Amino acid sequence: MKYLILLAVLGTAFAQRNGFCRLPADEGICKALIPRFYFNTETGKCTMFSYGGCGGNENNFETIEDCQKACGAPERVSDFEGADFKTGCEPAADSGSCAGQLERWFYNVRSGECETFVYGGCGGNDNNYESEEECELVCKNM
């Protein structure tokens, strides 16, 4: 009986802590274009969306790593969005169509290294990573 109570308490605590992961992406009521991540329950992955800067809900993370810690990390390299080498590693760096100034990483096929570039916050291509580690995990292991 004590075992069942413990399981019920732990299950309730876990569900409350991560219940926000089931919320849909919510850009909020303001009009900024801030790149953020939310946990997409349909794909089971953290996905980028544009946040307006105010309002919204708790399924809103500054980095893909924060989203994965809270809601679930991919189990394999191929679980990353854009993990296909041809689309996720071969294209040249693309700053996109917005005017943000975000430091990102891309895989440079000529040098065989992950390098920094400035991302505008929207558009671009899949060769766009939050960190050098993520870039290397996806592109150097293929």
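Placed from the backbone N, Cα and C atoms, the Cβ positions cover glycine too.
Annotated features, as they stand in Swiss-Prot:
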| type | residues | note |
| --- | --- | --- |
| DISULFID | C21-C71 | disulfide bond |
| DISULFID | C30-C54 | disulfide bond |
| DISULFID | C46-C67 | disulfide bond |
| DISULFID | C89-C139 | disulfide bond |
| DISULFID | C98-C122 | disulfide bond |
| DISULFID | C114-C135 | disulfide bond |
| DOMAIN | 21-71 | domain 'BPTI/Kunitz inhibitor 1' |
| DOMAIN | 89-139 | domain 'BPTI/Kunitz inhibitor 2' |
| MOD_RES | Q16 | pyrrolidone carboxylic acid |
| SIGNAL | 1-15 | signal peptide |
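This view paints the features noted in Swiss-Prot onto the structure.
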residue: C21; record: disulfide bond; Cβ neighbours (10 Å): 17
residue: C30; record: disulfide bond; Cβ neighbours (10 Å): 12
residue: C46; record: disulfide bond; Cβ neighbours (10 Å): 26
residue: C54; record: disulfide bond; Cβ neighbours (10 Å): 10
residue: C67; record: disulfide bond; Cβ neighbours (10 Å): 24
residue: C71; record: disulfide bond; Cβ neighbours (10 Å): 21
residue: C89; record: disulfide bond; Cβ neighbours (10 Å): 22
residue: C98; record: disulfide bond; Cβ neighbours (10 Å): 16
residue: C122; record: disulfide bond; Cβ neighbours (10 Å): 16
residue: C135; record: disulfide bond; Cβ neighbours (10 Å): 24
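Each of the disulfide-bonded residues C114, C139 was assessed for Cβ neighbours inside 10 Å, and the highest tally belongs to C139. Using DSSP to sort the residues of the domain 'BPTI/Kunitz inhibitor 2' (89-139) gives these counts of helix, strand and coil: 8 helix, 15 strand, 28 coil. Residues of the domain 'BPTI/Kunitz inhibitor 1' (21-71) grouped by DSSP class, helix first, strand second and coil last, total 10 helix, 15 strand, 26 coil. Within the set of disulfide-bonded residues C67, C98, C114, C122, the entry lying nearest in space to C89 (disulfide bond) is C114 (CA atoms). Reported as a whole number, the C-alpha separation between C21 (disulfide bond) and C67 (disulfide bond) equals 9 Å. Closest in space to C135 (disulfide bond), of the disulfide-bonded residues given as C30, C46, C54, C71, C122, is C46, taking the CA atom of each residue. Distance from the CA of C122 (disulfide bond) to the CA of C139 (disulfide bond) is 22 Å.
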